[in-house]
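Peer 1: There's a structure below that I have some questions on.
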Amino acid sequence: MGGNSIGNLFRVTTFGESHGKALGGIIDGVPPGMKLSEDDLQIDLNRRCPGKSLYITPRYEHDKVYILSGIFEGVTTGTSIGLLVQNKDQHSEDYQSIRDLYRPGHADYSYEKKYGMRDYRGGGRSSARETVIRVAAGAIAKKYLAYRCGIKIRGFIAQIGHIKCELKDWNQVEQNPFFCPDIDCLEALDILIRNLKKYGNSIGAKVTIIAENVPAGLGEPVFDRLDADLAHALMSINAVKGVEIGDGFAVISQLGNENRDEITSQGFLSNHAGGILGGISSGQPVIAHIALKPASSVKQPCNTVTRYGNEVEIITEGRHDICVGIRAVPIAEAMMAIVLMDHFLRNRAQCSDVK
């Protein structure tokens, strides 16, 4: 199986399955000399961690990360950083009933058609459990980017179902289980998720990620545009079905004189482009949005077939998120950090002499 790595100079490779013994990763390209500890990574892992509230999956994993290599006396050495997170709370028996069934909306059917077999326990490699290592890798990138040039990467829930959340207060994001910046939405979100849980259903979401203090010049022309790489990285997150940069699809109804970001001696007057022009960062905040589909594992019965072609009715068992968008916030932050870190190192390698 290919497709387990992302990045060029800052390269992240992950391995492991949802119900395997552990998940791990190899992070190449981390510059030497940066102070780094497991505690630095644990902060974001705890934000993503399952089982910590009634609004997300009850599967409880501590997600304790172990750094296996690449650190000496608390400082990065420049060699590969090995990461490991053990699985502790697998309930593989929950999936015995679907070992020969394809769950609609999941990767069961497509994985088996491609490989001739599949790990039916929690989706195996296709599970969002894999993203635990991405978040750890993203935490490394976040720390370096903040230390090196003051880049700050943050995300929030912009919408769950019909409830739209405005960016009113960044401080609120970490004060509630929804990563919501709009205190006026919290009661409605609580009622929505509780009702969905009661009736065994799920809902989609929109997540916004913003990177501030990104220097101008990150990104390559044509095929390696910064926004192209961001879209690739964000689309690789489980359940993501759409990515927008800046105003995204809203540009369809905008006029040219509305959409262009005018420039003065004091800087840009707007940021419809989301901080990227011609695939290269402009120095403005880099803004992206992702749309996540509702989880397909719900208690509502539906039709499917067995691997032998027999038509059957299925109700998906197991422990699942009611809204996958909630825990996607730190995952999306991590993917933006990984891309920005890679392009920062690439730009420094090629253009360090440019004044």
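Placed from the backbone N, Cα and C atoms, the Cβ positions cover glycine too.
As annotated by Swiss-Prot, NADP(+) binding site applies to Arg48. Annotation comment: Swiss-Prot describes Arg125, Ser126, Ser127, Asn238, Ala239, Gly278, Lys293, Pro294, Ala295, Ser296, Ser297, Arg319 as FMN binding site.
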Peer 1: Hey, does DSSP put Ala239 (FMN binding site) in a helix, a strand, or just coil?
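Peer 2: The three-state answer is coil.
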Peer 1: Provide, as an integer number of angstrom, the distance between the C-alpha atoms of Ser297 (FMN binding site) and Arg48 (NADP(+) binding site).
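Peer 2: Cα-Cα distance, Ser297 (FMN binding site) to Arg48 (NADP(+) binding site): 20 Å.
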Peer 1: Go through Ala239, Ala295, the listed binding-site residues, and name the one with the sparsest Cβ surroundings, counting other Cβ atoms within 10 Å.
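Peer 2: The binding-site residues Ala239, Ala295 were compared, and Ala239 has the fewest Cβ atoms within 10 Å.
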Peer 1: Round to the nearest Å and give the CA-to-CA distance linking Ala239 (FMN binding site) with Arg48 (NADP(+) binding site).
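Peer 2: Just about 15 Å between their Cα atoms.
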Peer 1: Highest CB neighbour count within 10 A among the binding-site residues Ser127, Ser297?
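Peer 2: In terms of Cβ crowding, the pick is Ser297.
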Peer 1: Drop a 10 Å sphere on every Cβ of the binding-site residues Arg48, Arg125 and tell me which sphere holds the fewest other Cβ atoms.
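Peer 2: Counting other Cβ atoms within 10 Å of each of the binding-site residues Arg48, Arg125, the minimum falls on Arg125.
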Peer 1: Same chain only, sequence gap of 6 or more: which residues have a CB within under 8 Å of the CB of Lys293 (FMN binding site)?
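Peer 2: Lys293 (FMN binding site) has long-range Cβ partners Gly105, Gly204, Ala239, Lys241, Val324.
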Peer 1: In angstrom units, rounded to an integer, how far apart are the Cα atoms of Arg125 (FMN binding site) and the residue listed as 'NADP(+) binding site'?
Peer 2: 18
